Amino acid sequence: MFEARLVQGSILKKVLEALKDLINEACWDISSGGVNLQSMDSSHVSLVQLTLRSEGFDTYRCDRNLAMGVNLTSMSKILKCAGNEDIITLRAEDNADTLALVFEAPNQEKVSDYEMKLMDLDVEQLGIPEQEYSCVVKMPSGEFARICRDLSHIGDAVVISCAKDGVKFSASGELGNGNIKLSQTSNVDKEEEAVTIEMNEPVQLTFALRYLNFFTKATPLSPTVTLSMSTDVPLVVEYKISDMGHLKYYLAPKIEDEEGS
C-alpha cells in the first residue's frame, strides 16, 4: 500500500505543469524514502530527474517499492481539477493498475476523488554521474525564464558565458543579435534576488533555447534556479522544491559545427 498526503497540494500541480510538455509518460518510483522520477524527454535530447522526499509529505506510507507507469498528460488533466489550496492524497495498492487521487478543499466540505489508469512502461534507468562543475550560477528563477524567453525571439540557441564577474547570455539570428549580462550581486537583502557565481574556470557553452524554455515551466516551484556548467558535459538546471526535494533538467551543449541543426 502506498499513501502520501500533501497539504500544500499546489506543489504537485506545479510539478506536473513543469513536466507534461517535455515528457508524455514516465515511471514514478515509489519507495519508503520518497517519490523519484527520471526520464528522457520525448525526443531523447534532455533528461529530467525529480525527487520528492517522504519527509516533505504530511503523511507518507509505502509498504513496498512500486514502479508506477504514468501518462503525465492524463495526470496533469486530473490535477487541474484540484484547487490551489486543496490537500492532495495519492493512494495505490501494492499491485494496483490505478492510482487514486483525492482532493480535499481546506474547509472540508468538498472532497473529490479520481482514479487514473496506470501504464506498463519499460524504462531504462540512466546513471547520472556525480560531477564537479567549472561554473555554478544561482539566480532568480523568474529572471532566467525571462532571459530564455527574450532571447528565443532573436535566435534558436543561447551562448552562456560564465566568468568570475558575471554571466552573459547571447543569441544571434537573422534579425541581429542580443546579449544579456548579469553581474554577481554583492549585497542583496533577499537571498532569492541575488546572483551568485562559483567559478573554478571560465565556461562558454551553447544550448538550444527550445529546451530551456521547457525547463523554465518549473519557475513557479522555486524563487531561485541553479545552473551548473562544465565543458563537454550536460548543463544542469535545478529548481529546489521547498524543503522536500528538487527538479533537475540536464541538457547537452550544442557542438559549434552543428550549423543549421
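Just so it is clear, glycine is given a Cβ too, placed from its N, Cα and C backbone atoms.
Around Lys14 (N6-acetyllysine), the same-chain residues six or more apart in sequence whose CB sits under 8 Å from its CB are Ala218, Pro220, Leu221, listed in sequence order. For Lys14 (among others), the entry in Swiss-Prot reads N6-acetyllysine.
Distant neighbours of the DNA-binding region (61-80): 1-4, 12-13, 16-17, 19-20, 23-32, 54, 88, 92, 94, 99, 101, 114, 116-121, 123; these residues of the same chain sit at least 6 beyond its ends, with a Cβ under 8 Å from one of its Cβ atoms. Under the heading DNA-binding region, Swiss-Prot lists 61-80.
According to its DSSP assignment, Lys77 (N6-acetyllysine) is helical. For Lys77 (N6-acetyllysine), no same-chain residue that is 6 or more apart in sequence has a Cβ closer than 8 Å to its Cβ. The N6-acetyllysine annotation in Swiss-Prot covers Lys77 (among others) and is backed by similarity to another entry.
The number of other Cβ atoms within 10 Å of the Cβ belonging to Lys80 (N6-acetyllysine), over all protein chains shown, comes to 10. Residues or ranges marked as N6-acetyllysine in Swiss-Prot (evidence: similarity to another entry): Lys80 (among others).
Using a 10 Å Cβ-Cβ cutoff, Cys135 (disulfide bond) registers 25 neighbours. Residues annotated as disulfide bond in Swiss-Prot: Cys135-Cys162.
The annotation ubiquitin cross-link is assigned in Swiss-Prot to Lys164. Residues within less than 8 Å, Cβ to Cβ, of Lys164 (ubiquitin cross-link) and separated from it by at least 6 positions along the same chain comprise Gln184, Ile197, Met199, Pro202. Look at Lys164 (ubiquitin cross-link): DSSP puts it in coil.
Among the features that Swiss-Prot reports, SUMO2 cross-link is placed at Lys164 (among others), with the record citing similarity to another entry.
Taking Cβ-Cβ distances under 8 Å and a sequence separation of 6 or more, the neighbours of Tyr211 (phosphotyrosine) in its chain are Leu22, Asp41, Val45, Ser46, Tyr249, Leu251. According to Swiss-Prot, the feature phosphotyrosine maps to Tyr211, an assignment based on similarity to another entry.
DSSP gives Lys248 (N6-acetyllysine) a strand state. Look at Swiss-Prot and you will find Lys248 (among others) tagged as N6-acetyllysine.
Here Swiss-Prot flags Lys254 (among others) as SUMO2 cross-link, drawing on similarity to another entry. Look at Lys254 (SUMO2 cross-link): DSSP puts it in coil.
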Spatially closest candidate among Lys80, Cys162, Lys248, the listed recorded positions, to Lys254 (SUMO2 cross-link) (Cα to Cα): Cys162
Recorded positions (Lys248, Lys254), the one with most neighbouring Cβ atoms at 10 Å: Lys248
